[in-house]
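Taken from TrEMBL as is:
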TRANSMEM  12-30  transmembrane segment
TRANSMEM  42-64  transmembrane segment
TRANSMEM  76-100  transmembrane segment
TRANSMEM  120-142  transmembrane segment
TRANSMEM  162-183  transmembrane segment
TRANSMEM  203-221  transmembrane segment
TRANSMEM  233-257  transmembrane segment
TRANSMEM  277-297  transmembrane segment
TRANSMEM  332-354  transmembrane segment
TRANSMEM  360-379  transmembrane segment
TRANSMEM  391-410  transmembrane segment
TRANSMEM  416-434  transmembrane segment
Amino acid sequence: EEAIFLRKKITLLRAFSLLIGSMVGSGIFISPKGVLKNSGSVGFSLVVWFACGLLSMFGALCYAELGTRITKSGGHYIYILETLGPLPSFLFLWAEFFAIRPANSAVVSLAFGRYMLEPFFAPCAAPVPAVKLVSLLGYYTVLTLNSWSVTWSARLQTALSFVKLLALALIIVPGMMMLAQGHTENFQDAFDRQSLVLDKLPLAFYAGMFAYSGWFQTSFVREELVRPERNIPLAVIVSVITVIVGYMLTNVSYYTVLGTQDVLASPAVAVSFVQRAFKSLISVVPVLVALSCFGTMNGGIFTFSRTLFVASREGQWPPLFSMIHIRRHTPLPAVMLMFPLVTAMVCIGDIYHLLNFFSFSRWLFIGLATLGLIVHRLQHPELHSPFQVPLFVPISFTSICLFIVAMSFYSDPVNISIGCTMVLSGFPVYYLVIHRQMSSRCRSPFYDLTHKLQLLLEVVQQEIKTY
C-alpha cells in the first residue's frame, strides 16, 4: 500500500557511526604486524601509520566533495561511472565483486572468529576449523540482519561504534600509564635504517590503509543520508581525525608493552598486549575486538549491497539486484549475493595473503575515482559544489595511490599479478555482455528466471527516485 524505495534513515550520528564502525575493525588489531614487518622498525612503522591517516584524510575529503557533486549512491562505482565512463566502472564492479569485497569480508570475518575464540583456548592458538566456523556464523548473522531491517542494521552499527572506541581505550590507557612510568626501552633505536627495505614499503602502506579503510562508506549510501550536503563532510572529517588519534596512541601502547619480536610473533596483537599489560581483562578485550570486527562486517554488507543495487539500476548488473523487498524495504537480492564467495574465501584464505590480494585492486580504483574528481572539475567548471577541497588534495592523493599500486608489483608480484589478472578479466565480459546488447532469444529465459526469483524473494523495482 506504500511506495517501495530506500528511505532516508541515515542521520549524522548514524553516518559518523558507520564511518567509525567501518574503520575501527580488525585492521588496528591485525595490521600492526603487517606494518612493522614491511617497514622494518618501530619508528618507521609509526611514520607509516601517520602517513596512512593523512592519506586517508585526503581521500575522505575528495570523496566528500564527490558526494556533494554526484547525488547517487554507489561509492567508487558511481563516481568512476559518472566521471571516467562505463568501462572503468564495470572493471571496478567486476574486481570488487569477485576479488576486493569477498577478500576484505573474509579478512574481517577471520579476525572476528580468531578473537572470539581466543579466550577459550589461551595460551594456545584456536583451532583453524573452529575459527573458520565461527567466522562464517558471524558473517551469516550480519547478512540476515541486513536483509531484515535497515533501521536495526544502523542501530547495531551505532552501538558497536561505541564498543570499538571502548576497545581502543582499554589498550591506550594502560599503555600510556606504562609510558608515563618510564618504560621507553622498546623505542630505543626506533629508526634503525638497516632493517628498512624500501621495496616492502608499499605492503606496509597496504596494511596501514586497510586499517583506515572505511572512510569512504558514506558515499555508498548517499541517497539514504539525511541532509547529505552537510552531513557527509562533517561526518568524514570528525571520524577520520578521531581514528588517526586513536590509532597512533594504540600503536604507541602496543610498542610500549610489546617488543618488535612479540608483535611479529603474535597472531592476535591485542590479545598479546592484554596478556602482558592487563591480565584482569584477558577475557574482555578479545570479545570487544571481535565485536569491533562484527561492526565492520555489518558496515561492509550494508554499503556494498548499495553498490550492486546502483550498478543494476545503471544497467551493468542483472536487474534482480536493483529490487527491494516489499515489506522490509531492504535491497534483499543485493545483500544476499556475496555470501557464496565470502564463504569460499573464509574456508581457503589466509589473512595476510588476502590482504595483499585485494589491496592492489582497491587502491587502483580509489585512485581512479579521485582522478575522476579532477576530470569532473575540468569538464564542469560551472558546477559549484557546496563542499570543495583545494586541487592539490585530489592530485596528491591520486598520485600517491597510483605510485603505491605501481610499486607493489615489485613487493609482492604473485598476489598483485593475480589481482591485476582479475581486473583485466572483466574486459571480455564487458564487451560481450554489457557493451553489446543481448539478443531477444538470450534475454527471454534470463528474464523468466529473474521473474521467478522476484516472486520467490518478494522484491520489486524502486518506485521513487531518491537522487
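Every residue number used here counts from 1 along the chain in the order it is shown.
Glycine is no exception: its Cβ is also placed from the backbone N, Cα and C atoms.
In summary, the transmembrane segment (391-410) lies against the transmembrane segment (42-64): three or more C-beta pairs, each 6 or more positions apart in sequence, are under 8 Å. Scored by C-beta pairs under 8 angstroms, the transmembrane segment (233-257) has its highest count with 42-64, from the stretches 12-30, 42-64, 120-142, 203-221, 360-379. Tertiary proximity for the transmembrane segment (12-30) is limited to same-chain residues at least six positions away from its ends with a CB under 8 Å from its CB atoms, namely 107-108, 111-112, 115, 154, 157-158, 160-161, 164-165, 167-168, 210-215, 217-218, 221, 225-227, 230-232, 234-236, 238-240, 242-243, 246-247, 250, 268-270, 289, 292-293, 295-300, 302-303, 351.
Here the transmembrane segment (203-221) has Cβ contacts under 8 Å with residues 10, 15, 18-19, 21-23, 25, 27-28, 31, 33-35, 37-39, 45, 48-49, 51-53, 55-57, 59-60, 63, 66-67, 73-76, 79, 104, 107, 228, 231-232, 235-236, 239-240, 243, 247, 296, 299, 302-304, 306-307, 355-356, 359-360, 362-363, 366, 404, 408, 411-412 of the same chain, all six or more residues outside its ends.
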